[in-house]
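Record features (TrEMBL):
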type    : residues           : note
DOMAIN  : 221-387            : domain 'Helicase ATP-binding'
BINDING : 449, 452, 488, 491 : Zn(2+) 1 binding site
BINDING : 458, 461, 475, 478 : Zn(2+) 2 binding site
Ligand SMILES: Nc1ncnc2c1ncn2[C@@H]1O[C@H](COP(=O)(O)OP(=O)(O)OP(=O)(O)O)[C@@H](O)[C@H]1O
Ligand SMILES: [Zn+2]
Ligand SMILES: [Zn+2]
């Protein structure tokens with residue numbers, strides 16, 4: 001006997017409620033997860049629509065009390081049912097409950113009332129209305145008379161206007177409604193997320209030869225019976241966006257829709273502008289700063305056919321388009337495409353899975369592809385299409401690498417090397433623009449004692465506190481704040497201070513070095529408010545500043561044609577992270593940073609300041625040489641069995657009680673050895689996670705490495721069951737993280 005877990009009407013009910021139904025024998029072959037079924041529901045056994053979210057042979061209650069499914073409407077697949085199938089895929093491949101997966105995929109299930117406009121409408125015939133008006137004119141009901149006269153004239157009035165101008169109070173309206181003279185109508189207004197007023201429409205640009213050929217090759221791939229995802233590797237400034245737009249046009253012409261994923265909020269302003277200029281009202285955007293209502297509106301518009309192109313971060317992947325034709329992932333290598341909460345999905349793989357369900361296509365774009373994507377393109381699993389030159393034959397920037405140790409030896413203690421200062425002076429004289437990039441977040445780093453080395457840490461989290469502008473110390477994980485100590489708590493030395501090289505500090509140095517220079521700063525502190533990203537970017541684009549100083553958020557994808565110099569203040573900061581990806585991250589960030597200059601008519605140059613000028617990530621990014629970097633990095637991953645040479649599953653355990661956690665993780669380790677005895681599985685740990693404590697919760701981790709993803713998924717499945725039935729795991733929380 002097969003039983004189906006069913007949710008009823010996902011748009012209005014809470015997802016947590018599932019009901020079990022019996023699958024009649026004649027439907028056993030047919031039934032699948034995601035399918036729409038008809039079921040008797042409630043006391044009256046009224047037939048309702050439900051979605052199958054899981055199948056099992058174990059009844060949850062007495063089998064005699066389980067009702068049977070009446071009918072399954074196969075063939076009639078809906079957008080929701082396809083998204084439910086996707087949720088089931090995510091549950092299986094990333095490890096989570098079905099509810100968690102559904103909530104990720106169908107994020108808006110509670111009814112959020114769309115904003116409504118109310119109208120007053122005449123509810124009687126004109127003739128009848130005139131008669132009533134005659135009668136009313138003889139009475140002292142002035143407001144009612146006025147309102148009826150206006151209604152006879154205009155037939156439909158906006159409620160708020162009528163209230164203001166005609167004194168139609170709710171008492172007046174209520175009375176006339178009661179008498180049947182008027183009725184109230186509602187119009188849903190979908191809050192458009194783009195204010196397109198001042199965005200001029202632009203016709204399609206003519207693609208250059210290389211762009212044209214790239215688009216052509218991708219379209220040819222789509223002609224194949226089983227089109228592969230295509231990696232579009234185009235150097236910075238090669239015009240990948242133009243190729244995307246060409247492809248989107250193709251999709252729209254077929255009556256289908258497209259999703260464009262972009263990595264950062266900072267980017268939406270520019271990208272949305274570009275897409276809006278090209279496709280107008282067909283484009284919408286979602287982002288994490290919108291209210292739930294705003295996002296609901298955009299999804300609803302998408303479902304109803306009011307939008308054909310959705311631009312947004314990771315979560316835009318789940319836009320409920322009726323006939324999705326294309327998913328584009330721009331800056332495919334960005335870490336923000338990986339979710340930090342369960343299910344810890346990666347947008348790249350999930351996009352490919354969704355595309356498989358919807359028969360849609362996937363295009364991944366990057367100047368510096370992730371090792372995962374590039375190795376798959378090498379093996380032929382993805383198609384590979386390249387743009388090798390910048391648009392308009394603009395040269396790639398000239399890059400110089402400056403050894404910061406030499407600077408110190410030469411007596412220069414400024415954060416700006418002599419060479420960078422000279423180049424800045426030159427550019428400022430020519431009235432060109434400059435970007436200075438600091439590879440870290442916030443104002444300043446940790447505070448430490450120069451006598452004994454003591455580092456001030458958060459008492460609740462295993463991280464150092466950062467010093468902020470107001471002289472207070474802040475924990476970026478839990479928000480804990482405290483005053484900066486005057487003397488070292490460990491040895492009493494007064495030489496305790498911050499590592500002062502934050503964006504604010506750099507901005508100050510720039511102002512001191514070049515009196516009269518106009519600067520803008522973009523970092524964690526200056527972008528907290530809604531709209532602040534846009535303001536800073538728009539101001540810089542409008543030449544309201546000569547120098548833009550900022551963290552990672554300034555280097556991604558932006559296109560400022562008058563920037564001719566980029567300075568990287570300290571390239572190594574990201575090399576020191578404890579993560580096997582730090583070489584790749586550094587290379588990508590530096591290439592992107594260098595790629596910001598010389599995009600317009602004037603050639604650009606970049607200065608990379610570093611303590612490790614010989615490091616291959618720095619060398620390769622200075623040469624803008626992806627291939628050499630890839631080969632070097634790949635050999636390191638193979639040597640140490642890191643992804644993509646191998647697959648990795650991190651099992652993260654967290655809990656308040658350190659002893660209970662340690663014990664549970666130990667049991668998990670033993671269990672893994674019990675269920676998998678082959679030598680080809682590497683087990684590392686359990687050990688404390690890189691950050692061993694957050695908000696007083698301890699965190700430990702076990703890493704598994706294996707060549708086959710499927711093997712790790714199987715082990716994860718068994719562990720899930722083991723954890724569920726063993727009481728030792730009640731007080732700890734286990735998460736799975738695949739990479
Ligand atoms: N066919 C074209 N006609 C006119 N201008 C173009 C064309 N293609 C690209 N450009 C211009 O060249 C510049 C770079 O293009 P775009 O920003 O799309 O590059 P990109 O490949 O996305 O670069 P990055 O990876 O650095 O973001 C833009 O200013 C764009 O308007
Ligand atoms: Zn000390
Ligand atoms: Zn903390």
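Residue positions begin at 1 at the first shown residue.
Glycine too: its Cβ is placed from the backbone N, Cα and C atoms.
Model, not experiment: these values are computed from the prediction.
The two recorded residues, residue 475 (Zn(2+) 2 binding site) and residue 491 (Zn(2+) 1 binding site), show a Cα separation of 23 Å. Around the Cβ of residue 449 (Zn(2+) 1 binding site), the same chain contributes 455, 488, 490, 491, 493, 495, 496, each under 8 angstroms and 6 or more positions distant in sequence. Put simply, residue 452 (Zn(2+) 1 binding site) is 18 Å from residue 458 (Zn(2+) 2 binding site) when counted between their Cα atoms. Counting every protein chain shown, the Cβ of residue 458 (Zn(2+) 2 binding site) has 24 other Cβ atoms within 10 Å. Neighbour count (other Cβ atoms within 10 Å of the Cβ, all protein chains): 20 for residue 488 (Zn(2+) 1 binding site).
Within its own chain, residue 452 (Zn(2+) 1 binding site) has 488, 490, 491, 493 as residues 6 or more apart in sequence whose C-beta sits under 8 angstroms from its own. Within 10 Å of the C-beta atom of residue 475 (Zn(2+) 2 binding site) sit 20 other C-beta atoms, taking all shown protein chains into account.
With a cut-off of 6 Å between Cβ and the nearest atom of ligand 2, the binding-site residues 452, 475, 488 reduce to 452, 488. Among the binding-site residues listed (449, 452, 475, 491), none has a CB atom closer than 6 Å to any atom of ligand 1. Under 6 Å, Cβ to nearest atom of ligand 3: this is the test, and of the binding-site residues 449, 452, 458, 488 it is passed by 458.
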